[in-house]
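> Please see the structure below; I have some questions.
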Amino acid sequence: MREGDSNSKKSADVAVLSIILTGSTLTLIYTYKRYLTQFKRTNDIPRRIFRKHWLYGKVTSVGDGDNFHFFHMPGGIRGGWGWLRPVPQMIKNDSTAEKLVGDSRNMRFFNFNWITHGRSTKSKIQKAKSQFLKLNVPYKNRKNLPTIPIRLCGIDAPERAHFGNPAQPFGNEALIWLQNRILGKKVWVKPLSIDQYNRCVARVSYWDWFGGWKDLSLEMLKDGLAVVYEGKVNTEFDDREDKYRYYEFLARSRKKGLWIQNKFETPGEYKKRI
């Protein structure tokens, strides 16, 4: 082979190799940006994700009965989480649920005139509350992490004490229930919209070893710790409104959770009043 032909072949090989390397690099960059980029705040989530895709991650903090903070872990173990990319470690909780939220037995049921109908009704309410206060909250909340605030779609949990206003009955119990179910655990989140507080309104699914995949909003309705969302703004159900209303009806007819009360003010009514 002549020297000129040899040089031409080498140049062609180098060109082909360069094209392959460039293509592979661009493919890796595209794959990483599209599938492995971590979203650290609500506004990081691309519009293409909403209503179509699910995000995987860990619950690092639960501050209320219908919202929590979500640490996004795209790709899970295959995305390097736990061996290449650090996952926030939770701190074990030594306090009981009652100490975390205060003793609900001494709380007023409402901050307006409401008279219980006999001791039996009050006793039933306290009994209903106690089953939730006994739930185990295994971890403490982790704060100051790059997390997305998540608002559960389709439901409204009783309000806890905020800005000097008293808590609604079962507000603390809803918080404890939610902490027991998801704090420190992995969940799947389907973004639906962004609310006025810059929270991601989402449908949330978690794994239960005894019942498979669970819809978190639906489970709260079943246990009588939330009502179907009444607001007209940022109303999201992900095509499950009828199902949510059906299980709310069942919980109400069976007097589960907050429905044990003879007179009940919904979270929406409470927020309008205060």
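Every residue, even glycine, has its Cβ placed from backbone N, Cα and C.
Per Swiss-Prot, the feature transmembrane segment maps to 15-32; the stated evidence is sequence analysis. Under the heading domain 'TNase-like', Swiss-Prot lists 53-261. Taken from Swiss-Prot, the feature active site covers Arg151, Glu159, Arg199. Swiss-Prot lists Asp156 with the feature Ca(2+) binding site.
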> Mean pLDDT for the domain 'TNase-like' (53-261), as a whole number?
90
> How big is the Cα-to-Cα gap, in Å, between Asp156 (Ca(2+) binding site) and Arg199 (active site)?
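So the alpha carbons of Asp156 (Ca(2+) binding site) and Arg199 (active site) sit roughly 14 Å from each other.
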> Using a 10 Å cut-off on Cβ-Cβ distances across all protein chains shown, tell me which of the active-site residues (Arg151, Arg199) has the largest neighbour count.
Arg151
> I'd like the number of other C-beta atoms within 10 A of the C-beta of Asp156 (Ca(2+) binding site), please.
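Around the Cβ of Asp156 (Ca(2+) binding site), 22 other Cβ atoms lie within 10 Å.
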